[in-house]
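Peer 1: This is the structure I have questions about; it appears just below.
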């Protein structure tokens, strides 16, 4: 498994505002959208392309286009939905699938409540977006689900992560083509599985359903 932790002042600046408990939901959504676009540059470094020739107003020019089958972007609902537009802005021709998961607060394990994905993902590159990698349960389940359907490699974009969750994903995906791109790697998980210092509940803060 490959891990890339962003090292850029603009990303740190936006993450700082995202963490601030006084940041209102509309601003939080805007920051999450901007952050995933910045992180997507690294996440798409190995996106599959093929050479084409186009005609400029002056002469032919050789360039690149995304290969078929097009990449599949998979937000983990509900919080991952807030990151979808930021990635699709860079890859508008990508397809989108949805995976609905909720963390069981007693077991800290994910429960799948919705799925809308192509049945056959053979030869597909998949990009999973989820704001937080905490225990790793949801991400592990999503990655396994995609590989079971034939995906060839999976790249996950998360705004923040805990070391415990990152280690769990690495152990669970050993031997798989998995890349994790992070805005920041935080200190630890607390006793109930929240990232410290973290940013609270990303879904609640994105959609204004609670204050943390």
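Positions of Cβ are set from backbone N, Cα and C atoms, glycine also.
According to Swiss-Prot, the 5-phospho-alpha-D-ribose 1-diphosphate binding site annotation covers 78, 103, 130, 131, 132, 133, 134, 135, 136, 137, 138, 201, on the basis of sequence analysis. Among the features that Swiss-Prot reports, uracil binding site is placed at 195, 200, 201, 202.
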Peer 1: Would you say which of the binding-site residues 130, 201 has the most Cβ atoms within 10 Å of its own Cβ?
Peer 2: 130
Peer 1: Tell me, which binding-site residues from 195, 200, 201, 202 are within 10 Å of residue 130 (5-phospho-alpha-D-ribose 1-diphosphate binding site) if we use the C-alpha atoms?
Peer 2: 202
Peer 1: Count the other Cβ atoms sitting within 10 Å of the Cβ of residue 202 (uracil binding site), across every protein chain shown.
Peer 2: 26
Peer 1: DSSP on residue 202 (uracil binding site), three-state: which is it?
Peer 2: helix
Peer 1: Quick check: of the binding-site residues listed here (195, 200, 202), which one has the Cα closest to that of residue 136 (5-phospho-alpha-D-ribose 1-diphosphate binding site)?
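Peer 2: That would be 195, the closest of 195, 200, 202 to residue 136 (5-phospho-alpha-D-ribose 1-diphosphate binding site).
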Peer 1: Count the other Cβ atoms sitting within 10 Å of the Cβ of residue 78 (5-phospho-alpha-D-ribose 1-diphosphate binding site), across every protein chain shown.
Peer 2: 18
